[in-house]
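Novice: My questions will all concern the structure given below.
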Amino acid sequence: MAAAQRGMKLFKGVCYWERFMILMYIVETYLDLRQHGAYKLPTLPKTLEGVISQEKFEKSRAYSLDKSRFHFVHEFVTILMDSAILFFGILPWFWKRSGDFVVYAGLNADNEILHTLAFLAGVMIWSQITDLPFSLYSTFVIEARHGFNKQTVWLFFRDMIKGIVLALLIGPPIVAAIVVIVQKGGPYLAIYLWVFMLVLSLVMMTVYPILIAPLFNKFTPLPDGELRVKIENLAASLKFPLKKLFVVDGSTRSSHSNAYMYGFFKNKRIVLYDTLIQQCKNEEEVVAVIAHELGHWKLNHTMYTFVAVQILTLLQFGGFTLVRNSKDLFQSFGFDTQPVLIGLILFQHTVIPLQHLVSFGLNLVSRAFEFQADAFAKKLGYASSLRAGLVKLQEENLSAMNTDPWYSAYHYSHPPLVERLAAIDEPDKKAD
């Protein structure tokens, strides 16, 4: 009788989450189809006519359609695998098998940390195997076909191996700490977990650009010259505590371009991709892009986002404490025990609907921040250069020229180019 009840709970739990996953897959596929239709449009948006060349537009369409078709296949395979994992009870089965492996290795299977690490090692191997064909096709077929991929097969696998080694070095101490905190946390568990993750994020934000990123890319100081002087003068005029200015060799892997800044307090650094410098027509366009990024700093966007993420993280851990000891939750997914890691995974499944809403809200805020950063750069006198720079980057990255409003509202953290250009031009039109 007890076994029958457990079986019914498992069936109900699995069916609920499988139905929700399929529902979300249908909704997102519908949005993807709308965007795919936008990619097929044969003409540029009126705002971009005469701004984007027809040649670049055709290349952008071909690139976007290739990525879209690949995305449909990838998402279909993913939903099939995820549904099979839930329906056939692969997760609890794999947890038991990882415990058997710990025993086979001559270790104590009752040690939850060792059991968890064995489970995660298996999951990592599975993920690498299932993701590898898609990564290879994306990099060496789609990206190469459209002139973006610059890395060799050796470099691809070298980066992958480096990532695995880093995960093996960094992951176990973090996992062990989380397991211990949950086991010993008591009524203040959510606060302890939040403090730990806060400290960890600050450490990683400090360590990653200094110790980890250089393992994958070469960072060199921006050479002396007019571009460096202009960026330093801009930073000084805004009282931005710029300490170092780097160029990263992004071109060794891809032709896509970017720029970012990092650092705490009085130790800020700016990183320019070499592809950004190559693609922009002149130095003013590069400086305008940096003015936009400095706008995020001056307007405290980075701080607001960080605080929001910390609040959401604390609320999430608070929710986890409410279901941490729920036998029904674990049994509904086929687990006879209540491991810490599995509890966190299952809780993530239970709040997926809320996560979609939060993600949508954060995208709305992010798009508003982008408009504000553009306006900030415009006030500094970089309107025409920023406009030209955004157009050039859109062209060189073959970004989508036509976007479906529903798709962009749901997925985009940055406004489409048409909307950004309209916002930049708007004050000029009012002035007229």
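Heads up, residue numbers simply count up from 1 along the chain you see.
Cβ coordinates are placed from backbone N, Cα and C, and glycine is handled just like the others.
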Novice: Quick one: sort out which of 226-244, 264-282, 302-320, 340-358 is the transmembrane segment according to TrEMBL.
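Specialist: Result: 302-320 is the stretch TrEMBL calls transmembrane segment.
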Novice: Out of H292, E293, H296, point to the one nearest D374 (active site, proton donor) in space (Cα versus Cα); all of them are recorded positions in the record.
Specialist: H292
Novice: Take the Cβ of D374 (active site, proton donor) and count every other Cβ within 10 Å, whichever protein chain it belongs to.
Specialist: 24
Novice: Inside 10 Å of the Cβ of H296 (Zn(2+) binding site), count up the other Cβ atoms and send me the figure.
Specialist: 20
Novice: With a radius of 8 angstroms around the mean position of the C-beta atoms of H292, H296, E370, what other residues of the same chain does the Zn(2+) site pick up?
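Specialist: My list of surrounding residues reads E293, G295, H301, F369, Q372, A373, D374, F376, A377.
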Novice: I need the most crowded of these recorded positions: E293, E370. Count other C-beta atoms within 10 angstroms of each C-beta and give me the top one.
Specialist: E370
